[in-house]
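Listed in Swiss-Prot:
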- His61, His63, His138, Asp208: Zn(2+) 1 binding site (BINDING)
- Asp65, His66, Asp208, His266: Zn(2+) 2 binding site (BINDING)
- Asp65: active site, proton acceptor (ACT_SITE)
Amino acid sequence: MLRITFLGTGGSLPTRNRNPSAVMINREGELMLFDCGEGTQQQMMRAKTGMMSLSSIFVSHFHADHFLGIPGLIQTMSFMGRKDPLMIYGPAGTREFTELFKALGYFNLKYEIHGMELKPGDVVEGEGYVVRALETEHSTPSLGYALIENPRPGRFNREKAVALGVPPGPLFSKLQKGNPVEAGGKVVRPEEVMGTPRPGRTIVYSGDTRPCEAVLEASRDADLLIHDGSFADEMAEWAEESMHSTAGEVAALAKEAGVRKLVLTHISSRYTDDVEPILKDSKKVFENVIVAEDLMELEIPYRPE
């Protein structure tokens, strides 16, 4: 399972229907939160994502609309009896902010919280995946992130295994797990009976940024790109000045990168009643695009074989 829940899709100002930035990724039951704007914990409750399985928070930058939800969330999890440690990753300043988060409210946490500062190119290793930090272009030190699953084993060739003398049963399982087995007086290796490794899935989260090279390169052939799409193209000058992106700019990046699906988020409050200008400008360039809405969910399937 790889499920994306958009908890907050608004721009710098929250609106009546958009919370500040927060995206939850549920990968095989492990929860990872990318940014955590004000009110994120309530959005988690509304979306029924759960929170106690949250392993890590990846902060793109320390503008208030991307991190103010963290203190309340960590307090709630403490009240609910959390014991597992929580990791907070982000750019320069993350350790200092983490200590501040722990001090707010004057309560004793029942679990450990660790802050780790990342630089572009740094990799956080998980079980079956990595998260790579990307250099982005915003008005303060900022990072994007690429979640990259490890390749999956190729398909098991039962007929070939039998032909090599391996009897059906436990030895099949060992081969599928990558272990050589002995059968008929000889060693049979996994590569003899397993097909070509199959690619895992890749999700890229830009955070707030201008269109930039690092996000483009990380997004090549990605399954999903979640990108700052704050403005319609008519606001191009202001987007450049404020270090955000327009829908058309992001669509062009997605097209060049060959992504499978594009989701625009961090939608400016000027589009509270109508996101059609953003959608129209992006679809001129790239068809498979969605303007995110709060509590929207996406399931990311494996690629067809």
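Cβ coordinates come from backbone N, Cα and C, glycine included.
Annotated features taken from Swiss-Prot, shown on the structure.
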residue: His61; record: Zn(2+) 1 binding site; DSSP class: coil
residue: His66; record: Zn(2+) 2 binding site; DSSP class: helix
residue: His138; record: Zn(2+) 1 binding site; DSSP class: coil
residue: Asp208; record: Zn(2+) 1 binding site; DSSP class: coil
residue: His266; record: Zn(2+) 2 binding site; DSSP class: coil
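Neighbour count (other Cβ atoms within 10 Å of the Cβ, all protein chains): 30 for His266 (Zn(2+) 2 binding site). Summary: among the binding-site residues (Asp65, Asp208), the fewest other C-beta atoms within 10 A of the C-beta are counted at Asp65. The binding-site residues His61, His63, His66, His138 differ in how many other CB atoms lie within 10 Å of their CB, and the one with the most is His66. In sequence order, Gly11, Ser12, Pro20, Ser21, Asp35, Gly37, Ser60, His61, His63, Gly207, Asp228 are the same-chain residues whose CB sits within 8 A of the CB centroid of Asp65, His66, Asp208, His266, the residues recorded for Zn(2+) 2 being left out.
Cβ atoms within 8 Å of the centroid of the Cβ atoms of His61, His63, His138, Asp208 (the Zn(2+) 1 site) belong to the same-chain residues Ser60, Phe62, His66, Thr136, Ser139, Thr140, Ser142, Gly207, Thr209, Met243, site residues excluded.
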